[in-house]
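TrEMBL lists Glu290 with the feature active site, proton acceptor. Annotation comment: TrEMBL describes Tyr377 as active site, proton donor. What TrEMBL records for Gln134, Cys135, Gln136, Pro260, Tyr261, Gly262, Gly263, Met264, Glu265, Arg557, Leu558, Lys559 is peptide binding site. Taken from TrEMBL, the feature Zn(2+) binding site covers His289, His293, Glu312. Residues or ranges marked as domain 'Peptidase M1 leukotriene A4 hydrolase/aminopeptidase C-terminal' in TrEMBL: 457-601.
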Amino acid sequence: MVPVIDPCSFSSSARCTTKHLNLMLHVDFESHVIRGKVALTVEMLEDKCSSLTLDTKDLQISKVAANGQEAKFALGAKHSFNGTPLEISLPFELSRGQHVIVEVTYETSPRASALQWLTPAQTAGKKHPYLFSQCQATHCRSMIPCQDTPMVKHTYYAQVSVPKELVAVMGAVGDGQEPDPQDSSRTIYRFRQAVCRSHLGPVSHRDIGPRSKVWSEKELVDQAAYEFAETESMLKTAEDLVGPYVWGQYDIVVLPPSFPYGGMENPCLTYATPTLLAGDRSLSGVIAHEIAHSWTGNLVTTKSWEHFWLNEGHTVYLERMIARALESEQYRQFKAIGGWKELQDTVNLFGQSNPLTNLVPSLKEVDTDAAFSFVPYEKGFAFLYHLEELVGGPEVFMGFVKSYIQLYAYSSVSTEEWKNYLFTYFKDKVDILKKVDWDGWMNTPGMPPVTNQYDNTLADVCIALCNRWVEAKEEDLASFSDADVKALSSPQLTEFLALLLHQNPLPLSHVKRMQEVYNLNSIKNCEIRFRWLHLCVRARWEEAVPLAFQMATEQGRLKYTRPLFRELYNFEKYRQEAVNMFLQHRAAMHPVTAALVARDLKVEQSHK
């Protein structure tokens with residue numbers, strides 16, 4: 001088979017593969033850099049190998065050695081978003097199957113896209129600085145010279161030196177700590193990840209299960225422990241569905257508000273946004289999603305970012321199967337309805353003919369951050385649900401998912417390999433599978449070729465209330481009361497607002513009345529608050545504009561921040577204020593968030 005080449009990576013992954021990393025990192029909060037040495041154990045996949053290439057981005061490389069011998073190196077041409085290839089000439093030739101330890105001494109840039117440095121004022125405690133890393137999709141190369149592609153999977157050992165008043169945690173098992181022998185004001189934390197990211201700050205933890213802790217700044221730790229109390233039951237449910245959890249520990253760290261995603265799976269340690277701390281546990285689906293990634297994403301991994309749907313589509317499917325087991329089939333169907341709307345919104349935003357809405361897009365010369373969307377999540381889920389219905393229902397299809405995970409555990413997979421195994425597993429249903437519009441699902445932009453039919457039982461009340469508001473005339477507004485929403489769960493209230501956002505903008509009088517009777521401004525749940533403020537700005541309610549700016553800037557989750565800034569920018573009266581507000585808060589944003597919002601607001605590079 002011809003090896004899959006990742007268009008988002010310069011590394012020579014077809015000729016050699018990393019088997020292990022040994023990291024020694026010194027974190028400098030004053031200079032906002034990490035000084036490091038990484039030893040990569042690399043296995044050759046071809047004969048007569050005398051060179052290799054690693055991915056880097058804005059790294060200063062000072063020395064390279066191979067098996068202890070000095071090696072010549074050169075940095076290639078800098079790419080606008082993929083970084084710079086580090087080309088290493090080995091002082092000897094190796095054959096297929098042989099290993100070499102390549103040691104690179106380097107320093108990161110203060111502007112490394114994987115790292116966000118927070119001042120004490122930007123933390124909850126206000127006393128100590130804070131650092132976290134976010135490497136998906138192609139940002140690890142700004143923190144470590146490596147083969148920055150999901151087709152390369154390896155173990156690692158890390159030693160991290162930090163000021164002694166701080167704590168380091170990583171997506172790995174802790175292996176003790178000791179005073180830094182070079183500096184008595186610092187501590188070295190050690191980590192090992194033996195199954196084929198870092199975070200530093202003044203954090204506390206609480207036990208939330210026999211194999212789980214939650215970590216956060218001490219001001220949030222009790223609230224986080226309450227919010228994530230169901231973690232163990234989700235883990236057990238996932239194990240019942242797809243087999244043993246192989247990573248040992250499953251911890252959650254609540255990062256500062258600027259973290260750009262809802263969650264980010266790392267073996268042993270999930271990163272979570274503080275926007276999940278709503279106080280009603282209604283947002284625990286994000287943790288179910290990250291737990292599911294322990295199997296689909298971490299254990300079985302996409303071979304390149306073009307096949308990202310294999311990670312996310314399967315993870316959404318498994319997340320909703322967990323919800324089915326813990327809640328009901330109707331609840332799974334209800335979540336699928338919401339996901340379909342997210343997909344419609346994404347396709348409308350990107351454009352019906354945009355090739356980035358393909359389930360398997362081409363990412364040649366495409367910035368993976370700009371390509372990130374709900375498409376691999378929700379188009380992927382819709383496709384798997386479609387297959388589920390064709391082959392005989394959820395129990396039958398889960399048999400395939402479990403078998404697929406067991407077969408490809410500890411490896412990386414392409415869509416073609418996944419499809420071949422699907423046909424092998426369902427060998428008695430090949431005629432059915434051949435009738436699937438494979439090209440329409442995989443390689444065609446826009447909405448899927450099939451519209452799945454979901455159970456509307458839990459959605460009907462949301463649809464009815466939405467229709468009442470859409471059809472209401474001025475004289476009908478008095479008929480609305482708080483009784484309309486008293487019996488709605490948080491997910492149902494979220495769905496009601498999402499439905500309204502799919503309609504023409506409501507008249508301003510309607511939105512004002514909605515606040516009067518439902519008091520939506522008082523709700524802390526971010527899913528509800530985001531849609532409510534979106535609705536208000538779209539209705540041109542000027543009193544809501546400061547609240548929308550507040551939500552867009554007090555947290556940096558892309559799901560909320562980008563759409564709010566876009567909606568405020570579209571409100572012509574506040575367009576310049578949207579740009580000014582962004583520029584004012586840009587320095588406190590995560591680099592990925594800042595770059596994407598700048599693009600949305602048409603802010604030129606000169607503003608940086």
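A Cβ is built for glycine as well, from the same backbone N, Cα and C atoms used for every other residue.
The sparsest Cβ neighbourhood within 10 Å, among the listed recorded positions (Glu265, Glu290, Glu312), is found at Glu265. Around the Cβ of Gln136 (peptide binding site), the same chain contributes Tyr261, Met264, each under 8 angstroms and 6 or more positions distant in sequence. Other residues of the chain with a Cβ within 8 Å of the Cβ centroid of His289, His293, Glu312, the Zn(2+) site, are Glu265, Glu290, Ala292, Thr296, Gly297, Asn311, Thr315, Val316, Glu319, Tyr377. In sequence order, the recorded positions near His293 (Zn(2+) binding site) (Cα within 10 Å of its Cα) are Glu265, drawn from Gln134, Glu265, Tyr377, Leu558. The Cβ of the residue listed as 'active site, proton donor' lies under 8 Å from the Cβ of Glu312, Gly313, Thr315, Val316, Gly339, Glu342, each on the same chain and at least six residues away in sequence.
Counting every protein chain shown, the number of other Cβ atoms lying within 10 Å of the Cβ of Gln134 (peptide binding site) is 23. Around Gly263 (peptide binding site), the same-chain residues six or more apart in sequence whose CB sits under 8 Å from its CB are Thr270, Tyr271, Ala272, Thr273, Leu276, Val286, Ile287, His289, Glu290, listed in sequence order.
Proximity of Leu558 (peptide binding site) to non-local residues of its own chain (separation of 6 or more, Cβ distance below 8 Å) is seen for Pro260, Tyr261, Phe372, Val592, Thr593, Leu596, given in sequence order. Whole-number maximum of the Cα to Cα distances across the peptide-binding residues Gln134, Cys135, Gln136, Pro260, Tyr261, Gly262, Gly263, Met264, Glu265, Arg557, Leu558, Lys559: 18 angstrom. As a whole-number mean, the pLDDT of the domain 'Peptidase M1 leukotriene A4 hydrolase/aminopeptidase C-terminal' (457-601) in this prediction is 96.
The Cβ neighbour count for Tyr261 (peptide binding site), using a 10 Å radius over every protein chain in view, is 21.
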